[in-house]
Amino acid sequence: MALKAVCVLKGDGQVQGTIHFEQKENGPVMVSGSISGLAEGDHGFHVHQFGDNTQGCTSAGPHFNPLSKKHGGPKDQERHVGDLGNVTAGKDGVAIVSIEDPVISLSGDHSIIGRTMVVHEKPDDLGKGGNEESTKTGNAGSRLACGVIGIAQ
C-alpha cells in the first residue's frame, strides 16, 4: 500500500503551490506538483526540521538533518535528508515539480510528515559554493513560501 502526503505552500508574496508525496513500500518518495509566482530560474527546495510556521517560514528551523551531515545535492552521499536540490521556474513563473528521492521517507526515522517544505529565493548551490553557508543552506537565500507536510488519503 502506498503512503501519501500533501503540502500547501504559501508565503508573504505571490508564491504558492501544492506538492504531493507518494511512497510505495520501502521505495523512493515521488514528489510532484507545481509552484507559481516565482522568478524565472532555479530555487532551492528543501524539507526543514520543524512543522512550525507560527512566525512564517523562519520558524521551520534548519534543513531536516537527522544524520548531522553537511548540505549537498539530492544525488550526493553527503547531504541533509531534506536536501531536494532545486525546482526550476519558467518565464511564466511556474515550477513543475517532479522528483524521485530515495532518502526522504513518509514513515520511520527519515519521515518528513509534520515537517515543513520550503521553496527559496535563490538557486541551491548543492554545497559546492566554497563557503560555510554553502555547507549549511546551499546559499539558497530567503524563504519565499512554505507549508507543513501532512498525511493524505
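Glycine too: its Cβ is placed from the backbone N, Cα and C atoms.
Long-range C-beta contacts of Ala2 (N-acetylalanine), restricted to its own chain and to partners at least six residues apart, with a cutoff below 8 Å, comprise Glu22, Gln23, Lys24, Glu25. Feature annotation from Swiss-Prot assigns N-acetylalanine to Ala2; the stated evidence is similarity to another entry.
Swiss-Prot lists Cys7 with the feature S-palmitoyl cysteine, giving similarity to another entry as the kind of evidence. Neighbour density for Cys7 (S-palmitoyl cysteine): within 10 A of its CB lie 23 other CB atoms from the protein chains shown. When secondary structure is read from DSSP and collapsed to three states, Cys7 (S-palmitoyl cysteine) falls in the strand class.
Classification of His48 (Cu cation binding site) by DSSP places it within a strand. Residues annotated as Cu cation binding site in Swiss-Prot, with similarity to another entry given as evidence: His46, His48, His63, His120.
According to DSSP, Cys57 (disulfide bond) sits within a strand segment. Taken from Swiss-Prot, the feature disulfide bond applies to Cys57-Cys146, supported by similarity to another entry.
Residues or ranges marked as region 'Disordered' in Swiss-Prot: 59-79. Cβ atoms under 8 Å from those of the region 'Disordered' (59-79) belong to residues 46-53, 85, 99, 101, 103, 109-110, 112, 115-116, 118, 124, 126-128, 134-138, 143, 146 of the same chain, restricted to positions at least 6 beyond its ends.
In sequence order, His46, His63, Phe64, Asn65, Leu67, Lys69, Lys70, His71, Gly72 constitute the residues six or more apart from His80 (Zn(2+) binding site) in its chain with CB-CB distances below 8 Å. Reduced to three states, the DSSP call for His80 (Zn(2+) binding site) is coil. Annotated Zn(2+) binding site per Swiss-Prot: His63, His71, His80, Asp83, in sequence order, evidence recorded as similarity to another entry.
Around Lys122 (N6-acetyllysine), taking its Cβ as the centre, 18 other Cβ atoms fall within 10 Å, counting all chains. Under the three-state DSSP scheme, Lys122 (N6-acetyllysine) falls in the coil class. For Lys122 (among others), the entry in Swiss-Prot reads N6-acetyllysine.
Every protein chain considered, the tally of other Cβ atoms within 10 Å of the Cβ of Lys136 (N6-acetyllysine) stands at 15. Sequence annotations record features per position, and here Swiss-Prot assigns N6-acetyllysine to Lys136 (among others).
Taking the centre of the Cβ atoms of His63, His71, His80, Asp83 as the Zn(2+) site, the nearby residues of that chain (Cβ within 8 Å, site residues left out) are His46, Phe64, Asn65, Lys69, Lys70, Gly72, Arg79, Val81, Gly82, Gly127, Lys136, Thr137, Gly138. If you check the recorded positions Asp83, Lys136, Cys146 against His120 (Cu cation binding site), the ones with a Cα inside 10 Å of its Cα are Cys146.
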